[in-house]
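Enquirer: Would you mind keeping the following structure in view while I ask a few things?
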């Protein structure tokens with residue numbers, strides 16, 4: 001009886017009470033479904049404010065437009081960068097279960113502070129009634145500004161923890177030793193992006209309307225209620241969750257291997273400092289292609305180091321500089337895996353730089369065009385609805401039609417590999433930038449022909465033309481974000497899966513930062529050759545935005561060639577262990 005219970009245990013996993021997780025009781029699609037519902041509420045809470053925060057900071061806190069934009073950029077970038085911290089803590093010290101609950105509580109506290117400030121006139125600067133005078137509006141002062149930024153960065157800290165723990169928590173519910181489990185995990189990541197879009201749809205429509213028409217205290221209040229409601233929804237799944245036991249700091253292991261490799265390479269002239277794997281006889285150890293303790297594990301030589309990144313092989317020696325730098329073959333091979341996925345991560349930053357244009361220039365373009373659909377006038381700030389709806393339509397189609405068809409054609413388990421998915425997203429981003437450039441040329445042609453080049457009047461061209469680039473970039477986001485998460489989670493060593501999955505959010509953050517750097521660089525260079533830079537001034541009709549989009553298209557194409565180089569060289573971990 002006891003032997004049967006041992007076989008039924010998930011090795012390396014516990015339930016919410018910190019007792020061994022059982023195969024017939026914990027994990028599966030039902031457990032992951034709670035995570036998807038929670039993500040709808042969490043992303044609603046986050047984007048409800050982020051999508052409209054510039055208006056709140058400029059109109060009610062009296063920051064300048066440029067200062068407001070910088071505050072929002074820093075807030076968004078920090079929130080996504082902190083996902084790395086969330087992923088690291090999930091792997092090293094806390095379970096993803098506990099980290100989510102802690103992070104949700106932190107985000108709730110931050111939103112509560114912002115709600116109280118928005119509701120209480122004494123905690124905000126006086127209402128500005130000097131629009132037609134030279135008297136400047138009183139900007140938020142130190143004490144009130146401290147309250148504002150405390151609330152904002154508590155939200156950023158909470159969001160980072162959630163983004164770093166929630167996706168891996170959902171992915172951990174599946175048995176990756178079976179084809180069915182791996183397929184379900186891939187579907188989970190598709191529907192995770194779908195859930196993100198569901199939350200975003202509610203945020204950029206219903207909540208933004210509340211903020212604009214009923215007051216920001218109500219908008220913040222809805223976001224606060226959403227994150228609070230996510231906690232009991234998450235707890236409802238507690239009896240069936242399985243959670244990976246933290247295995248200590250993966251970063252410590254990485255630094256140990258890297259330092260050992262450097263030190264031992266410096267001593268490589270000493271013949272006694274031979275690589276251990278060359279002296280010992282082959283034995284076998286269990287790889288991490290499957291769950292620990294599972295009968296389907298693959299056995300490969302434990303003392304055989306791969307030829308990839310041969311520099312790191314010197315980390316395994318009989319005589320080390322210090323006993324603290326003694327490394328095993330397994331540790332060296334795990335660090336190699338992480339280093340090999342980093343080039344793929346770097347190649348996705350350019351795509352996210354393209355995505356950043358949707359919340360900046362694309363909205364400004366739409367603001368100069370006819371935004372009426374019949375008798376309904378659509379505010380330009382609601383343009384994010386387009387990519388959100390596209391993703392919500394494409395995600396189920398991809399999961400239920402494209403993937404099954406691809407499996408039949410390719411006769412493979414996944415149908416479309418992770419790297420093929422990411423590559424498809426990169427190709428779509430190239431097309432999107434070309435479409436954006438053509439649409440901008442058409443928009444400017446209409447402005448010239450109608451004599452409205454220097455006018456603020458809406459141009460006689462529908463803003464739905466802008467929706468084309470949203471279609472392609474929304475599709476690119478679905479392919480790449482879901483593909484990245486699945487790729488990083490699957491390929492990373494088990495001890496650092498949460499940290500690796502968080503790289504998807506870091507790519508998004510770096511894309512936004514790179515966009516700002518690229519715009520500044522373009523303006524600095526073009527100002528040398530002409531009186532006004534490409535992207536400067538108050539009138540968008542005088543911008544050379546089409547040239548900037550063509551530049552983005554060229555850079556994205558070069559980035560794709562760079563990606564092909566690394567993707568073709570990459571060998572999936574499951575393949576290498578089979579070899």
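Just so you know, glycine gets a Cβ as well, placed from its N, Cα and C.
In case it helps, TrEMBL gives these features for our protein:
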type: TRANSMEM; residues: 27-48; note: transmembrane segment
type: TRANSMEM; residues: 68-90; note: transmembrane segment
type: TRANSMEM; residues: 97-116; note: transmembrane segment
type: TRANSMEM; residues: 145-162; note: transmembrane segment
type: TRANSMEM; residues: 189-210; note: transmembrane segment
type: TRANSMEM; residues: 216-236; note: transmembrane segment
type: REGION; residues: 277-297; note: region 'Disordered'
type: TRANSMEM; residues: 337-361; note: transmembrane segment
type: TRANSMEM; residues: 381-401; note: transmembrane segment
type: TRANSMEM; residues: 422-439; note: transmembrane segment
type: TRANSMEM; residues: 459-482; note: transmembrane segment
type: TRANSMEM; residues: 503-528; note: transmembrane segment
type: TRANSMEM; residues: 548-566; note: transmembrane segment
Enquirer: What same-chain residues lie close to the transmembrane segment (381-401): Cβ under 8 Å, and 6 or more beyond its ends?
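Expert: Counting only partners 6 or more residues beyond its ends, the transmembrane segment (381-401) has Cβ contacts under 8 Å with 51-52, 187, 190-191, 193-194, 196-198, 200-201, 204-205, 208, 358-359, 362-363, 366, 463, 466-467, 470-471, 473-475, 477-479, 482.
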Enquirer: Count the Cβ pairs between the transmembrane segment (27-48) and the transmembrane segment (97-116) that lie under 8 angstroms and are 6 or more residues apart in sequence, then report whether there are at least 3.
Expert: yes
Enquirer: By Cβ distance under 8 Å, which residues at least 6 away from the ends of the transmembrane segment (216-236) in the same chain are close to it?
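Expert: For the transmembrane segment (216-236), the list is 34-35, 37-38, 41-42, 44-46, 48-49, 52, 56, 60, 100-101, 104-105, 107-108, 111-112, 114-115, 118-119, 158, 206-208, 210.
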Enquirer: Out of 97-116, 145-162, 189-210, 337-361, 459-482, what stretch is closest in contact terms to the transmembrane segment (503-528), meaning most Cβ pairs under 8 angstroms?
Expert: 337-361
Enquirer: Counting only residues 6 or more past its boundaries, what in the same chain has a CB within less than 8 Å of a CB in the transmembrane segment (97-116)?
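Expert: The answer is 16, 38, 42, 45-46, 49, 86, 89-90, 123, 147-148, 150-162, 164-166, 169, 217, 220-221, 223-224, 227-228, 230-231, 234-235, 238, 241, 243.
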Enquirer: Could you name the stretch, out of 145-162, 189-210, 337-361, 548-566, with the greatest number of CB pairs under 8 A to the transmembrane segment (422-439)?
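Expert: Going through each listed stretch, the top one turns out to be 548-566.
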Enquirer: Could you give the residue numbers and ranges of same-chain residues that sit at least 6 residues beyond the transmembrane segment (459-482) on either side and whose C-beta is under 8 angstroms from one of its C-beta atoms?
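Expert: 189-190, 192-193, 348, 351, 354-355, 358, 362, 365-366, 368-373, 378, 380, 383, 386-388, 390-391, 394-395, 398, 421-422, 424-426, 428-429, 431-433, 435-436, 439, 442-443, 446-447, 450, 452, 504, 508.
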Enquirer: Considering only Cβ pairs under 8 Å, which range in 68-90, 189-210, 337-361, 548-566 makes the most contacts with the transmembrane segment (145-162)?
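Expert: Selected stretch: 68-90, with the most Cβ pairs under 8 Å.
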